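Asker: Pulled the feature table from TrEMBL, pasting it below:
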DOMAIN    30-129  domain 'Cytochrome oxidase subunit II transmembrane region profile'
TRANSMEM  55-78  transmembrane segment
TRANSMEM  99-123  transmembrane segment
DOMAIN    130-247  domain 'Cytochrome oxidase subunit II copper A binding'
DOMAIN    258-370  domain 'Cytochrome c'
Amino acid sequence: MTSVKTTSHRSRRSWLLAGLAGLVLVLSGCAEDAPLDTLEPEGPAARTIQDLVGPVFLIAGVVFVLVEVGVLVIAWRFRQRKGDDDSVVPTQTHGNTPLELGWTILPAVILAFVAVFTLVTIFELEKRDDDAVDINVVGNQWWWQFNYDVDDDGEFDFSTATEMVIPAGRQVNLSIESNDVIHSFWIPRLNGKRDAVPGRTHTLSMESDEPGYFFGQCTEFCGLSHGVMRMRVIALPQDEYDAWLEEQAQDVGEPETASQARGREAFEANCASCHSIRGLETQPGDVNPVPLVAGVAPDLTHFASRRSYAGGIFELYDENGDVNRGQLEAWLRNPPAEKPMAPEDQRGMPNLNLTENQIDDLVEYLLSTADRPVWTGPRND
């Protein structure tokens with residue numbers, strides 16, 4: 001008797017724990033700070049996807065409820081009761097032609113209905129505007145690179161990292177590539193996902209209804225820091241976007257202080273083998289993507305104009321617009337301690353064993369590359 005009670009108690013406890021785990025999972029989806037939210041589209045492409053996803057989920061929900069209710073009803077109605085004769089077999093429905101036709105044709109009709117609207121959505125998402133902006137996107141372990149050809153001459157004029165700036169209210173066509181392994185580019189409030197595959201170029205379009213600051217995430221496992229390979233999209237009014245293009249195309253000016261000058265020297269001696277800043281004499285290469293396994297790093301020209309760095313996991317400025325200097329110094333002091341990487345395989349930033357004076361000077365120099373961040377408004381959470 002004691003054994004039966006113990007088993008029953010353990011069973012109830014298991015069900016209780018399973019229920020609590022399910023409740024926690026459901027509640028985790030109710031967070032207010034949810035920037036990767038597909039249910040709040042803020043662009044035409046995202047709304048087109050939402051217009052398809054809504055009815056499909058509704059149909060799937062109705063089918064799920066009907067099937068589950070049917071299973072429960074049948075299981076209860078035809079359960080074996082105490083005293084039933086085990087040798088009695090219930091009436092079988094095998095060979096019932098009307099039933100078999102029904103449960104074959106009905107799902108086929110539902111799937112055909114869904115397929116028609118899915119195809120319409122696919123063709124709608126492939127439409128391109130004549131005045132669209134073209135941007136080249138390159139996935140690297142573990143950060144995103146954005147290349148701009150401002151004058152449409154086939155050569156990239158400048159490159160940014162982590163943050164892609166676009167004009168609001170205007171379609172943007174992306175050509176997505178990878179420098180190493182397979183990644184997946186996803187800005188949920190502006191469009192769906194698109195894989196970045198080595199040796200291939202995939203296309204995707206997006207547009208933001210209004211100026212805003214949108215979050216994205218790599219959604220294809222790509223190594224140690226896949227979970228923190230993030231990106232941002234900043235949508236600016238057209239006039240501000242044009243001014244940003246002009247500013248980004250300029251080289252960095254000469255240092256104005258002794259600390260900045262020492263910082264530039266430290267950059268050339270320690271950082272320029274992987275990073276580049278246009279305007280320096282030491283240039284490791286141009287911004288055109290080269291198919292390397294490793295050895296590429298973000299272009300840091302106008303670094304101070306960005307809100308985030310290190311693959312989007314650190315904020316350069318706080319909510320008041322002040323520089324998070326301590327975090328930037330910690331990143332320069334020991335990058336592998338701040339973000340999982342494999343520097344021995346030239347994947348990610350290694351520990352350069354910089355002195356505290358070098359770190360201070362480097363911070364001064366990097367912060368001198370721009371007067372302010374390109375986006376000072378709120379985030380689209």
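Glycine is no exception: its Cβ is also placed from the backbone N, Cα and C atoms.
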Asker: List, by number or range, the same-chain residues at least 6 past the transmembrane segment (99-123) whose CB is under 8 A from its CB atoms?
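Answerer: For the transmembrane segment (99-123), the list is 48-49, 51-52, 55-56, 59, 63, 93.
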Asker: Same chain, outside the transmembrane segment (55-78) by at least 6, Cβ under 8 Å from its Cβ: which residues?
Answerer: 90, 110, 113-114, 117-118
Asker: What mean pLDDT does the predicted model reach across the domain 'Cytochrome oxidase subunit II copper A binding' (130-247)?
Answerer: 93
